[in-house]
Amino acid sequence: MGASATNSVTHPAFTLNVRPDNIGIITIDVVGDKVNTLKAEFADQIATILQQAHALPKLQGLVIVSGKPDSFIAGADITMIAACRTAHDARVLAQKGQSILAQIAAFPVPVVAAIHGACLGGGLELALACHSRICSLDDKTVLGLPEVQLGLLPGSGGTQRLPRLVGVSKALDMILTGKQIRPRQALKMGLVDDVVPRDILLDVAIQRAKAGWLNRRALPWQERLLSGPLGKALLFRIVRKKTLAKTRGHYPAAERIIDVVRKGLDQGGPSGYEAEARAFGELAMSPQSAALRSLFFATTSLKKETGSAATARAIHRVGVLGGGLMGGGIANVTATRAGLPVRIKDINPQGINQALKYTWDALGKRVRSKRMRPTEQQRQMMLISGSTDYRGFERVDIVVEAVFEDLSLKQQMVADIERFGAAHTIFASNTSSLPISQIAALAQRPEQVIGLHYFSPVDKMPLVEVIPHEKTSEETIATTVALARKQGKTAIVVADRAGFYVNRILAPYINEAARCLLDGEPIESVDNALVDFGFPVGPMMLLDEVGIDVATKIMPILVEQLGPRFAAPPSFDVILKDGRKGRKNGRGFYLYSNPTLHSNSTKNSSPTKNGNSPAKRNSFKWRKNKVKPVDSSIYTLLGVTPKAHLGAGVITQRCTMLMLNEAVRCLDESIIRNPRDGDIGAVFGIGFPPFLGGPFRYLDSLGADKVVQALRLLVQQYGERFEPCQRLVTMAEQQQQFYPVDANIDEVTDVAS
């Protein structure tokens with residue numbers, strides 16, 4: 001790796017080693033943390049390191065590397081914002097970051113960033129301030145500016161340096177979406193100067209520093225054209241229009257990003273940096289950013305929990321009962337994310353083949369985009385095998401059942417696993433409606449039976465519900481949560497009652513939307529009202545995507561166990577008798593010229609297949625909703641004459657108030673353990689607007705008294721189903737909130753119910 005160092009300076013997170021060839025190596029290694037993040041106190045340390053390097057008369061260059069195995073810099077420490085009480089405080093924080101990175105940019109000898117692992121947010125802004133960037137050709141290496149997903153913008157110069165480096169259109173795309181860029185793509189767009197194998201990364205970076213100042217690569221002609229007055233004006237007009245169409249005005253960070261980038265290009269760097277810091281300060285104090293950051297911290301804290309006081313049993317092999325889309329999706333995330341061998345059992349070879357094809361196609365997309373080598377695709381596929389019998393299940397630690405929603409069938413599956421599996425094998429049912437206690441009723445080892453409810457498509461939806469019944473052991477809970485985490489899922493533990501949590505709060509929302517339709521409101525008016533409110537798709541479109549038959553199957557169970565407030569309007573029976581199942585058979589609320597026979601129509605389909613994933617650790621993800629024509633024959637079928645008359649506000653209030661009320665009931669009945677889990681479940685499971693933070697944070701923002709008042713007015717207008725639950729009434733009377741009023745969002749990880 002080269003000559004040994006002759007001089008070194010160490011600070012808590014930064015070490016400067018000067019080699020005999022006069023190249024300084026600055027190593028970033030935040031003590032006690034698994035990944036590097038930039039903290040406020042590091043500003044002085046960086047300044048001191050740079051001053052000491054500047055004082056070395058023979059210094060030829062600097063290389064910045066990470067001391068962590070697979071992390072360059074994962075971003076700035078978001079908890080810094082919690083210390084900011086005003087927009088001015090946050091603005092000063094941004095200005096301090098700008099000042100430090102300006103010192104790197106102005107350093108008199110070349111500074112090279114040697115990037116391996118995550119280089120995100122403030123980490124990429126630091127790399128952009130360097131004079132050259134070399135990154136490793138490794139799956140763990142990604143570059144991006146994800147601040148928009150937290151309701152912020154890059155505050156340390158990212159909005160100004162990136163457009164000048166890669167061009168304004170590519171920069172806007174990166175910053176507005178928060179997307180992560182892979183090494184080859186980063187090289188192609190000019191974000192990095194070279195991509196090399198990890199084992200020679202430092203050597204190549206040192207040679208680049210020795211080479212002295214290099215000419216900056218010219219922008220492609222398309223980007224140069226867009227930098228001109230006419231091209232720039234056209235580009236920003238198009239970008240602003242598309243942004244507003246996607247965000248519906250709910251995410252002010254996106255609009256501020258456009259403004260700040262434009263200002264820097266029009267008025268020069270100083271004006272751009274000043275606008276960036278000011279916008280960062282104002283956005284940091286916005287309710288949208290507070291809500292999005294609360295979701296980030298909530299998911300982060302949840303990932304550290306086991307769901308139980310027990311220690312999880314080691315998982316070496318996983319079984320899946322049932323092929324098809326759901327079984328294939330579960331096998332896919334188990335093999336490709338958890339890295340565990342999977343054995344699929346189906347009654348016929350076609351089901352197994354379909355499950356195998358699911359993963360082969362998913363990995364094939366990565367191969368075609370050069371994000372994976374064909375040999376790696378083959379290696380991961382070898383983790384999945386299948387059979388029409390139970391051979392191999394004697395070595396399986398946990399079995400995930402994904403067969404039809406038939407109680408006797410699932411009970412038979414439990415008996416089979418107890419017969420053919422190991423004595424310790426856990427049986428996890430992917431049921432969406434059947435009580436886990438009934439599935440375990442005939443089990444010899446009921447303590448090893450649990451619910452594990454995935455949402456479809458499994459490889460895209462981040463949430464799972466873990467459902468223990470009264471006899472489930474603590475070890476079984478901990479082991480099931482551990483599997484979900486290995487699969488890259490965010491798991492919430494919920495009680496074994498009808499609908500669990502997600503489907504239970506979704507059902508009244510769907511029912512009320514259907515009642516609005518029966519009141520004569522056009523389908524598109526209902527859907528547009530809820531999309532404008534912030535949901536990714538409207539309830540009618542949702543029913544078509546999930547499958548009208550699938551989505552309404554749980555309603556009778558909810559009525560039987562929870563009461564008449566869950567009774568579905570008669571429209572569903574009429575629609576189903578007409579053979580309308582939604583997109584999967586080309587007949588639903590909307591017209592489909594080319595129905596997809598294998599759309600998200602499995603029993604556990606999610607309300608939004610593009611759900612909000614923080615994950616990519618974040619809670620805001622843009623969606624492209626294709627406008628489909630309404631099937632107007634459905635109005636004749638239902639005997640209604642469509643006419644917009646309710647207004648978007650009334651539609652939204654009727655649907656969302658029922659969802660909020662039911663969420664509070666779930667908390668009161670201990671279906672969920674705390675408001676945090678309820679917020680995560682709603683946002684990641686049904687697409688509740690992330691910028692509102694989830695049902696419970698939204699309730700706090702409205703005030704319990706205002707919500708109770710609104711519900712009582714709705715009772716007078718529409719009936720007893722809007723009666724506010726007692727927990728909500730009590731909170732209104734005592735002026736209580738679900739989250740502590742004076743707590744910073746990063747300090748609130750849960751609130752006891």
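Note: Cβ is positioned from N, Cα and C throughout, glycine not excepted.
Copied over from Swiss-Prot:
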- 8-197: region 'Enoyl-CoA hydratase' (REGION)
- Glu125: site 'Important for catalytic activity' (SITE)
- Glu147: site 'Important for catalytic activity' (SITE)
- 313-747: region '3-hydroxyacyl-CoA dehydrogenase' (REGION)
- 593-622: region 'Disordered' (REGION)
- 599-614: compositional bias 'Low complexity' (COMPBIAS)
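Non-local neighbourhood of Glu147 (site 'Important for catalytic activity'): Gly121, Leu153, Pro154, Gly155, Gly158, Ile175, Gly178, Ala253, each in the same chain, at least six residues away, with C-beta under 8 Å from its C-beta.
Counting only residues at least six positions away in the same chain, the Cβ atoms of Gly97, Leu101, Leu145, Pro154, Ser156, Gly157, Gly158, Arg161 sit under 8 Å from the Cβ of Glu125 (site 'Important for catalytic activity').
Within the model, the region '3-hydroxyacyl-CoA dehydrogenase' (313-747) carries an average pLDDT of 90.
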